[in-house]
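In Swiss-Prot this protein carries:
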| type | residues | note |
| --- | --- | --- |
| BINDING | H64, H66, H124, D191 | Zn(2+) 1 binding site |
| ACT_SITE | D68 | active site, proton acceptor |
| BINDING | D68, H69, D191, H250 | Zn(2+) 2 binding site |
Amino acid sequence: MPLLKLVFLGTGGAVPRSDRTLPAIYLEDWLGHRFLLDAGEGAQYRLLQIGVSPASLTAVAITHQHEDHTLGLPGLVITSRFLGGRTAVLAPRSMHKALEALGVEVMDSYGGDRLRVSCVEVCHTVDACGWLFQWDVGYKLDLSKAAGLPRWALTSLIRGSPVEVGGRLIKPEDVAEPGHKRLRRLLYTGDTAPCPEMWRKVGEVDVLIHEATFADDVEPQKAHEEGHSTVADAVEAAKALNAGVLILTHVSSRYPDKRRHRELAASVKPPPHVYVPEDFDTVLVRL
């Protein structure tokens with residue numbers, strides 16, 4: 001079953017609170033990939049608190065150079081090295097030279113088992129990547145069309161490979177359920193103002209993790225000039241991207257709690273499903 005596990009290790013931004021630390025999200029998929037999305041100060045300790053070794057990460061995906069998203073990286077890299085690992089880091093190209101000095105493997109995209117991760121340019125005050133995850137979940141077969149096919153053939157068809165049975169070539173599309181969507185997508189924006197050009201380039205996503213630095217007490221124009229978004233901006237992005245799940249994070253320390261963010265998110269009509277997690281909350285998403 002295509003299932004994502006997201007653990008929100010740090011849901012604040014810029015300045016931490018005692019109960020809201022700096023940006024870091026642990027993502028684990030059903031294929032065994034393990035990613036850390038941004039590495040705010042103390043990220044490795046928070047990973048250890050949920051039982052994840054820094055050396056076990058597939059990669060760390062950094063959105064941009066600001067310190068609240070990067071100060072946890074050096075310690076994590078050193079710990080991983082002591083444990084026999086070598087950290088791979090996805091980052092904007094403007095950061096590559098500095099990261100290479102840390103002795104890490106620097107990449108601007110990732111291609112693994114049925115997963116691709118790529119940078120999409122967002123609208124921040126510095127060079128910044130949103131990270132687009134795209135999984136190939138295979139085909140869901142129409143059992144009436146696939147009746148009588150041997151098990152080995154079904155396995156190959158689900159994985160997207162054509163088969164020859166009894167002298168007949170069968171393509172996955174021939175026996176798939178109509179309208180089945182083979183690719184599933186998650187976008188993590190990092191810091192961004194509303195970014196219609198990015199929305200158009202990306203198209204659609206299933207899950208959107210979007211910053212919501214401000215609720216509704218800051219003039220939108222001021223938020224945008226600082227390269228950030230309000231709750232309403234994040235909702236607009238989710239609608240533009242046709243996201244089924246919207247998760248709001250990077251909440252400013254000016255808010256003692258997230259009550260107003262939740263009230264605003266709850267007023268969204270029509271949904272997507274909207275979550276405003278606290279530090280260490282886990283969200284499971286079935287793709």
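Yeah, the Cβs are placed from backbone N, Cα and C, and that goes for glycine too.
Feature map: annotations from Swiss-Prot on the structure.
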residue : record                : DSSP (3 states)
H64     : Zn(2+) 1 binding site : coil
H69     : Zn(2+) 2 binding site : helix
H124    : Zn(2+) 1 binding site : coil
D191    : Zn(2+) 1 binding site : coil
H250    : Zn(2+) 2 binding site : coil
Checklist entry - Listed recorded positions are D68, H69, H250; which of them have CA atoms within 10 A of the CA of H124 (Zn(2+) 1 binding site)? => result none
Checklist outcome for this item: Within 10 A of the CB of D191 (Zn(2+) 1 binding site), the number of other CB atoms across every chain shown is 27
Checklist entry - Given the binding-site residues H64, H66, H250, which one is most crowded in terms of C-beta atoms within 10 angstroms? => result H250
Item to check | Rounded Cα separation (Å) that holds between the residue listed as 'active site, proton acceptor' and H250 (Zn(2+) 2 binding site) | outcome: 10
Next on the checklist: Sequence gap of 6 or more, Cβ distance under 8 Å: name the residues on the same chain that satisfy this around H69 (Zn(2+) 2 binding site), in order along the sequence.
Outcome noted: L22, P23, D38, A39, G40, I62, T63, G190, D191
Item to check | Rounded Cα separation (Å) that holds between H66 (Zn(2+) 1 binding site) and H250 (Zn(2+) 2 binding site) | outcome: 13
